[in-house]
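Q: Here's the feature list from TrEMBL:
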- 30-54: region 'Disordered' (REGION)
- Glu64, Glu89, Asn116, Asp139: S-adenosyl-L-methionine binding site (BINDING)
- Lys143, Asp175, Thr213, His214, Phe215, Glu216: substrate binding site (BINDING)
Amino acid sequence: MPRSPIRAPKPTLDLSDHLYVFRQPVPGELASGSDTGSELPFPEVPPTITSETVFGNDRPLEIEVGSGKGLFLTNESERNGEHNFLGIEIIHKYAKHSAARLAKAGRSNAKMISGNAQPLLADRVPAGSLEAVHVYFPDPWWKKRHRKRRVVNEGSVQSFLTALRSGGRFHFWTDVLDYFEATIEMIAEIAPEFGVPIPEEKSPSSHDLDYRTHFERRSRQNQIPVYRVRYEKR
Ligand SMILES: C[S@@+](CC[C@H](N)C(=O)[O-])C[C@H]1O[C@@H](n2cnc3c(N)ncnc32)[C@H](O)[C@@H]1O
């Protein structure tokens, strides 16, 4: 199913408090739309990513990998004002769209990074520092030879595990059964510290944007089954 087009935010909207860029070359196919062109005013990602360096306080930090249009961050940062939320999105126009959503909603506890989440989580997030990692509806990369591009893979699972505090959560939802089963199997094998997957329930939705993410909304509205789990680091 193709993604619906998104509107670019008004150039007058100030995103400088809500958008960082991570200037690192990304693989060709993922990079479409990631050119930041002449938009140099956005700050660079700090060398170390913590609540202190990004938000200037010490509240628990939750990171979402692949935020798309930013529905999760917008809703969750309102529901849980005591935590900080940082979204990382590799396609620049989506990162900007999500940052615009957060700026318009006046969120001070949620920001975006435009860039590749994998090196950021592996290299810039201190061990044992995160409250949660969220990955919702990652790109499936159906072809076998492309599977190594999946954002939930052996390397990223190790990074999530290292970055999470003890008791910290990793949420993984997808509508691709093969991705779901392969991930559950892989985690059991390489990351026993995550224990067993804990099933998560869908929430009743009371209005059109009352879903965990846009892709959850799309799947539910099209009666496509969704597989939802959470892990808690031991
Ligand atoms: C299928 S979309 C799902 C978006 C959103 N999570 C949702 O559920 O509506 C997957 C998103 O992950 C992003 N993505 C893929 N690889 C990424 C990476 N290495 N770092 C950050 N974002 C990535 C894609 O650009 C895309 O926006």
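Positions of Cβ are set from backbone N, Cα and C atoms, glycine also.
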Q: In sequence order, which same-chain residues at least six apart have a C-beta under 8 angstroms from Asp175 (substrate binding site)?
A: Phe137, Phe215, Ser219, Ile224, Pro225, Val226, Tyr227
Q: Compute the mean position of the Cβ atoms of Glu64, Glu89, Asn116, Asp139, which form the recorded S-adenosyl-L-methionine site, and then list in sequence order the other residues of that chain whose Cβ is within 8 Å of it.
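A: Near the S-adenosyl-L-methionine site, the remaining chain residues are Val65, Gly66, Ser67, Gly68, Gly87, Ile88, Ile90, Ile91, Ala117, Pro138, Val151.
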Q: Using a 6 Å cut-off on Cβ distance, which of the binding-site residues Glu64, Glu89, Lys143, Asp175, Phe215 come close to any atom of ligand 1?
A: Glu89, Phe215
Q: What number of additional C-beta atoms lies within 10 angstroms of the C-beta atom of Glu216 (substrate binding site)?
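A: A 10 Å sphere around the Cβ of Glu216 (substrate binding site) contains 22 other Cβ atoms.
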Q: Given that the record lists Glu64, Glu89, Asn116, Asp139 as binding S-adenosyl-L-methionine, what is the largest C-alpha to C-alpha distance among them, in Å?
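A: In whole numbers, the farthest two Cα atoms are 14 Å apart.
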Q: Distance between Thr213 (substrate binding site) and Asn116 (S-adenosyl-L-methionine binding site) at the Cα atoms, whole Å?
A: 20
